[in-house]
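Notes follow the structure.
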Number of protein chains: 2
Amino acid sequence: MGRKGLLLVFSGPSGAGKGTICRALLNEIPSLRLSVSATTRPSRSGEIEGKHYFFLKRDVFKKMIEDGQLLEWAEVYGNYYGTPLQYVQKTLAGGNDIILEIDIQGALQVKEKFPEAVLIFIVPPSKSDLKLRLLSRGADAEGEVARRLACVASEMNFAWRYDYIIINDVIDRAVSNAAAIIRAEKSKPGYLEDFLRNFSDEKTSDR
Amino acid sequence: MGRKGLLLVFSGPSGAGKGTICRALLNEIPSLRLSVSATTRPSRSGEIEGKHYFFLKRDVFKKMIEDGQLLEWAEVYGNYYGTPLQYVQKTLAGGNDIILEIDIQGALQVKEKFPEAVLIFIVPPSKSDLKLRLLSRGADAEGEVARRLACVASEMNFAWRYDYIIINDVIDRAVSNAAAIIRAEKSKPGYLEDFLRNFSDEKTSDR
């Protein structure tokens, strides 16, 4: 079958649990691949080149932007971050599905270039639940929780531009919802183009 | 939650197994309801009023057409068949999902009136597979198999107008694909409108 893979883009407010969901999916679905981002920020201790990031020099990254070799990119606090196009294209052409775990701006850039990308927004069940999660992580450095809660309020306005929303109340249910979305996307006529063509072309004797 | 139910429309070539899939889904998902069609044809032995069909007089059926009380209808060999609108609307408003098992023309009528309806096309894995199924059913009254195979070829042209296609190769997989489609549809922003609104309206103390 000449089926191409799915381009799956996950984003959502920090603390919503998208990392956990993506890791569980990668464990569960062997054909899934994770896209590795490129960045110009220095690597931190424990980070592995090609696993956590591709660490690039600024001039290399800028050349990739110019040459259209990035599916999406952004500059954050003076560092560049982006998704190398080549690995994504190769994975999809090989018939594997690929996950991008990127921010909202990046996700919308991807949708513009690849309208067939599947955008999934992971959200906490409520603001008060998110607040509890952030506090229990101990991540509360002076007003950090308040800052994140203000952030989530504005991020939620983008939920409408996503194809799917997964409410992460119970992690197992959230993961199986994500798996269901993947199955559903593979049941769309566009994805089954080859099957439909082969079906029509099949010759059967008249009886 | 003021969530409305899903309107699920199943069609597909005869012999593809849509009846089996719909029955399995109704068993598996307690909130699912099956829509009962109305018809003017006489009831056959064993058929129960309100379960297999609502058996109506021609003038009653025609009045329903005039009054816009049918979601879709058709005249086949001189008899009318159609889907009463009221039961569908009541079921959806009550938050339950409803299955319509109807032909292609009916499905396309429904999509026109209810663009949010989810159209699912059940297909056999191949023409030769369908041929085997039809023969093994013993349904081969003189050229019947050839007639059905000719039919399926033209019916497959409508597959593109459906939201989803389920290839019924293994029945359990077909049923779980259908269940996945239902879960995915319930993860769309439009379906989660109330959740998104409630989320935004929620007040949390600043920390």
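Each residue, glycine too, has its Cβ placed from N, Cα and C.
Taken verbatim from TrEMBL:
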type    : residues                                               : note
DOMAIN  : A:5-183                                                : domain 'Guanylate kinase-like'
BINDING : A:G12, A:P13, A:S14, A:G15, A:A16, A:G17, A:K18, A:G19 : ATP binding site
By a three-class reduction of DSSP, A:G15 (ATP binding site) is assigned coil
Cβ neighbour count within 10 Å, max among the binding-site residues A:G12, A:P13, A:G17, A:G19, goes to A:G12
For ATP, residues beyond A:G12, A:P13, A:S14, A:G15, A:A16, A:G17, A:K18, A:G19 with C-beta within 8 angstroms of the site's Cβ centre include exactly A:I122, A:P124, A:N168
If you count the other CB atoms within 10 A of the CB of A:G15 (ATP binding site), including all protein chains displayed, you should get 21
Most isolated by CB count within 10 A, of the binding-site residues A:S14, A:A16, A:K18, is A:S14
